[in-house]
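What TrEMBL says about this protein:
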type     : residues       : note
REGION   : 291-332        : region 'Disordered'
COMPBIAS : 311-329        : compositional bias 'Acidic residues'
COMPBIAS : 350-370        : compositional bias 'Basic and acidic residues'
REGION   : 350-385        : region 'Disordered'
COMPBIAS : 371-385        : compositional bias 'Acidic residues'
DOMAIN   : 420-518        : domain 'Zinc-hook'
BINDING  : Cys466, Cys469 : Zn(2+) binding site
REGION   : 513-583        : region 'Disordered'
COMPBIAS : 529-539        : compositional bias 'Polar residues'
COMPBIAS : 540-564        : compositional bias 'Basic and acidic residues'
COMPBIAS : 674-683        : compositional bias 'Basic and acidic residues'
REGION   : 674-704        : region 'Disordered'
Amino acid sequence: MKIESIELSNIKSYDDSRTNVELTDGVNAVIGENGAGKSTVQQAIGFALFDHLRVSSQGDFVRNGESSGCVRVTFVSNEDGHRYTVERHAGRSKHRVIDSETGKLLDGLSGKSERIRWLKEHLGVPQNTDLDTVWKSSVGVPQNKFAEDFAKTPANRESVFDPLLDLDVYDNISSSSDSRPDLLEAKRELEDELDELERDIEALDEEVSDLDELVETHDELKHKIRKLGEEIDEKERELDDLEGRKDALDDLKQRVDELSNDQQLLSGKIDTKESALDDVEKALEEARNARDRLDELQEQYDEYQKKDERLDELEEDVEERDELNQDLEDVNRKITGQKQKVESIAADVEKAEDAQRRMEKLESEKKRQEDLEEQLDSIESAEDEIQELSDEIDNVESNLESMREDLGETMIKIEQIRALENTANRLDELEERERKLLNEQSGHEIRIDDLEESIQALQEADEPVCPTCGQELTETERENEIEERTEEIASLQSDIDKIKNELGDLESEIREAEEAQEQVQRLGDLENQRTNQRQQVKQLKSDREGFKRDRRELRSEVQKRSEVESQLAELGDPKSKYSQAEGVYKANKDAADQLDSERAALDDLKRSRKEIKDELQKFDGLTEEIETLEKRLDELSGARDEYIQKKDLAGRIEERKDEYDTINETVESLQEDLKEVEEKLSEKQAQYDSDEHEEVSNRISSLSKKIGNMNGKLDGFKDKEQDLQEEISELRKKAETLDDLETEASELRRDISFTEFLRDTVEDAGDQMAEVLIQEISSEADKLFRDLRGKPSEELAWKNDYQVIVTENGEKKKFEKLSGGEKMSAALAVRLAILKTLSDVDIVFLDEPTANLDEEKRGNLVDQIRSLEGFEQLTVVSHNDTFESLTENAISLEKEDGATRVVSQ
């Protein structure tokens, strides 16, 4: 399988922006500082796919302040190769599986048991294995827990690995009174399965018995196909020769047909042209008759033309006369209007003269009024400016007060944050204290495990010895030892409780220190803000003093207002009277100049009227002359129309002659072409043999039919050969299946024998199965350990008590004696071997695998992990950037404003 992406929303340090982390084939690295949210990615996968969550409740997995969070993991199935997305909500019961290709929910997975069964099937986990156990023991071992299980006491190691290997089932069987009937039933089921398998083997054996005979038949058929193919090739060559001769005869026949068609076409064309020649001859005669008639009509036609031209001339006179009459009407109308205009202008001249006299009388008083009004306007502007300056002063004082308040608040914030500096500076100290407490708690828990194991050994021993010095103990001494260890456990548990309480308090202090650190980081910005606010206060004070100074200067000018208003009242508004007179004068001042020109225009109009009347006298008698001409034109119109008709026909005499000669020449040419075609036709008819043509066509048809039958027969042979080939292939597959079934039958017989053996030795079965499984896992772990370490001389063995032994150059070392790098490599090898042996899961997550290693060993382990084979996807979670340049895909995480962000991937 392969995980493609993990989407987190409102999960621990991930906010609601739906952060997406993408993984690829090979080695991935999730890198970031402590607290950046790296391990949360691994926990999210365990939560969604393996039903595992380390925190005490789902609520602790949800981001602070949110009621629920969501994880979406998209992966490629081990079962069918399809892409699926598993969506699981923390803080809610929503858990569903989506087909990533269609976006639709999968049916039948509404219950948890159905989802778990589906996940096991598609992740490659056996149905009898717990998903949570696979995750926390092999796939996603938590940080600092990877090597811890191997350092435990034998009893504690057994409690860890027995459930994983599913060996405790044998203890249950051996302790049950019904164990033997269960094994008997298992033997019967195996025997039934063997019977069914043997029937299948017998049926397959019978089916494949004809395989050799079919192969021989297949070879004979291939020989027939080859021979028939050769015969068809020979016939097709003969057919090609005949078709070549037929093509030549087809061409000759086509040429004969073409020449016959040409003969018919030419004969038809000659007939058509001779008929056209007769028509042209008749048209030529008509044109000659028309020419004779033109001579008779010439005199009447000429008279019509002259009178028509004279009528055109008189119509132009009519148009000129009508235009003059229209001009006369226009002039009379203009004379009437011009008289009215002259009278109106004369009245305007009188008004302008009277208005000019009044303006001269009011001029000095108007000037006095304007000076006073100008002074009053200046005073009013000063009053407006005073009001504006007062508003500005009020506004500045308001802003000044607000700015002082803001400055005060800023200074208070600075003092408050400075008071938090000590708290912020304690963050590293608090985190170090938290780490030490966690290590102390882990040490206490290991000590408790050791004490509990020693108590159990003291309680169960028939002849107890001191776990410390190895000396034999009396019953009283044993009870004292047990009591002392029990008291020490109680004391250690009390210390653990105190550590947990202190850790709880530390968590609040760390959170408070983190918040204080965020506030302290704002101190620089606030101090800059305080400086800016002080400068703004100083500027506002300067603006206020300037506004007050300007307002004092304006108030001295406003005090003159009453005196100016009194003088204006005494004048009585001469400016309005002057304005009225001026308006009248301006409206009429040009009337005097206009009066002479308008009177001259009136005289011009009267002279134009007289000229038009004189011009109209020459058109007397025009109407009578036009009527006489129109009457004579009606009498001559018939002769004129006939003349025009005959003139067009008579003008075509030469055209008709040329057309006659052209057609006559065409007829002669067509007759020559006809003669040539008839000669060629006679020649080709002599060459063409219709009987031969028919015989060749019949032979081609017969031969084509014969070749078709042969091809049909060949296709039948080929189809049969293909069927035989498929049948042979199928029988060969069945033969292979038969071999597999026989192998399976042999294995079933061994299983039946083993079951019979188990019936007699069920009490020892658990140890034997453990030995088989552990030996297989140990062998695989040894290969992985050598790959990881790159030292062929080293050997790793995983013993029946789950102890790890590493041998180098004959020296054997237990797990607790190994170096940090050796421990990590050994633990990694065993856990990966368990995963490969017990399931098809081929993905692994390593959380801080290089912890507690120096730089050289860290680099070596990175190289070793990259060289691992047999895993589709391996993801390392680390704060160390060693992996960034050495992996196929590096995902960098950072915490910004309290939320995890993907910086690069």
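Just so you know, the numbers here start at 1 and follow the chain as drawn.
Glycine too: its Cβ is placed from the backbone N, Cα and C atoms.
Curation does not apply to TrEMBL; its annotations are automatic.
Tertiary neighbourhood of the compositional bias 'Acidic residues' (371-385): same-chain residues 550, 554-555, 557-558, 560-561, 564-565, 567-568, 571, 575, selected by CB-CB distance under 8 Å and a gap of 6+ residues from either end. Long-range contacts of the compositional bias 'Basic and acidic residues' (540-564) within the same chain: residues 372, 375-376, 378-379, 382-383, 385-386, 389-390, 392-393, 396-397, 399-400, 403, each at least 6 residues beyond the stretch ends and with a Cβ under 8 Å from a Cβ of the stretch. For the region 'Disordered' (513-583), the DSSP-based tally of helix, strand and coil residues reads 65 helix, 0 strand, 6 coil. Its Cβ taken as reference, Cys466 (Zn(2+) binding site) is surrounded by 14 other Cβ atoms within 10 Å in the chains shown. Tertiary neighbourhood of the region 'Disordered' (291-332): same-chain residues 605, 608-609, 612-613, 615-616, 619, 622, 625-626, 629-630, 632-633, 636-637, 639-640, 642-643, 646-647, 650, 653, selected by CB-CB distance under 8 Å and a gap of 6+ residues from either end.
Sequence-distant contacts of the compositional bias 'Polar residues' (529-539) (same chain, six or more residues past either end, CB-CB distance under 8 Å): 400, 403-404, 406-407, 410-411, 414.
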